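Copied over from TrEMBL:
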- 27-49: compositional bias 'Pro residues' (COMPBIAS)
- 404-413: compositional bias 'Basic and acidic residues' (COMPBIAS)
- 415-425: compositional bias 'Low complexity' (COMPBIAS)
- 512-532: compositional bias 'Acidic residues' (COMPBIAS)
- 188-284: domain 'CRM' (DOMAIN)
- 306-402: domain 'CRM' (DOMAIN)
- 1-57: region 'Disordered' (REGION)
- 404-427: region 'Disordered' (REGION)
- 508-548: region 'Disordered' (REGION)
Amino acid sequence: MAIVATLPSPNLFTPPPSKPHNDSTDKPPPSPPIPIPKYPPRTPKPSKPPNSLSFHRRTNYYKPVSDGVIATDRDDRCVVVGDSGVSYLLPGAPFEFQFSYSETPKVKPLAMREPAFLPFAPPAMPRPWTGKAPLKKSKKKQKIPLFDSFNPPMLAGKKGAKVVEMPGPFRLGKAPVEGRSREEVLGDPLSRAEMKLLIKPHLSHNRQVNLGRDGLTHNMLELIHTHWKRQRVCKVRCKGVPTVDMDNVCHHLEEKTGGKIIHRVGGVVFLFRGRNYNYRTRPQYPIMLWKPAAPVYPKLIQEAPEGLTKDEADELRMKGKNLIPICKLAKNGTYINLVSDVRNAFEETPLVKINCEGMHASDYKKLGAKLKELVPCVLLSFDDEQILMWRGESWKFRYPESHAPVRNDEGHNKGTSSMSTTGSSNDITQNSYNKTWVSRQKLISLWKRAIESSKALLLEETELGPDALLEKVEEFAAVSQVAEHSYTALIISGQDATSNSKIDVKQQSELEGSDIDDFNEESDTDSDEVDEAHDPFEHAETSIPFGSLPLDAIAEKLSSD
């Protein structure tokens, strides 16, 4: 180690000497095959102004519109904006076409999200030049006959042939008649038995038209006619938002298709085509090739709704956060009783909330717009997938005295020192007072139902003595017993039992004579109906136990004697 320390260079791992540099052999580096592009420096995008309008998520198009024609083409087809929203007017059309007839808001649109053009195919399109002359027309023309319901093709023996429904049903001595108007196509009204025979085969199968969140769309009209080509009744199943107002859906179904609704259960509608329907002479409408973009409508939620200031509306929204919803709506459900449930809830409380968790945002917003019009009410918010509504200042109670007034107790007007001690007792008295008024409202509704069903009597004369009041009660009791057939049997022991029982039977037959005559009249008028024993819609089962009628008691007494 001492020898190594005496060496001039202590580094034992020096690199080897490099080769001498020769300048004559240097070559320039090869140039790249493709020049590197030079891009301009990026410029920051201009910031969006705070008060600018929010555009559609797929386009930046926004054009305000006013009432009237906003676009036309060379074939006199135009796009019209009116009270019913955006519609398309074609020459010779029976009515203005729309994408949805039942779910279009009854508010004028503010702007369009896309250029106004018709979603239909052009009436005629010239052949583009392909470099060759068009082929000559064949002399042998294939004549394809149109489908005629009055003379359907004979396909009984062919493989894969479908059933063809003839016009009808017809009574004896009648035949189909060509008709153009709706009354002529429908023909004579259907009897009850004919309706049952038409509906019964459609209860079990799933050949139907599904009507969803868009309601009755334009292309469904042609779809219903294709169902009518093979069967006399078209089954339409409605789900989702349109079921809130089923009367509106049924009105548009009958108006646009020309059919007649013969049966309706929940969200299922049975649409009859008519006795004299012919597929060949049906109204033919052009098909929409795409769904037009929905226009811009006014906002449903206002910061200060009608009848409220902004602070009052914010206070109601804060109260609504702790409010329990009256119901929870399922996706693609049937909401037939929703309007009546909201109205009943508004009888008890000024705020109502509906839970819409799991539903599409557009669905519960459409629900809110429908409830605002049908109930009516004021929408406050759609936060947290909940619909919060206020009944408004112009709400009319079902019964004039149904709402409980605020009770003015002395404890409420005292100072703040006594508020802490008497606050809980005052709340209890106020709650009990409100419950008294609520029970009074329910009693009024029960009384009205009893009067309508002839189980209670409303006295017009209030100043009656005890004897007059007793006579009224006995007279009403006799009438109600006759209506309910609740007379007790009169059993007399001895030899006169047979004669007295005959008298009782005669009285009983006189009481029931009107019912028997009515039954005979109904049986004569409905002689052409189907046997009631095989009726799938009515199951007449008596609610009176065997042996409870007076006649049964008399018969038992006679048999024992």
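Every residue, even glycine, has its Cβ placed from backbone N, Cα and C.
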For this session: Could you tell me how many residues in the domain 'CRM' (306-402) are helical, how many are strand and how many are coil under DSSP?
Result: 38 helix, 16 strand, 43 coil
Problem set entry | Counts by DSSP class (helix H/G/I, strand E/B, coil) across the domain 'CRM' (188-284) | 40 helix, 22 strand, 35 coil
Exercise. Any idea what the model's mean pLDDT is for the domain 'CRM' (188-284)?
Worked result: 93
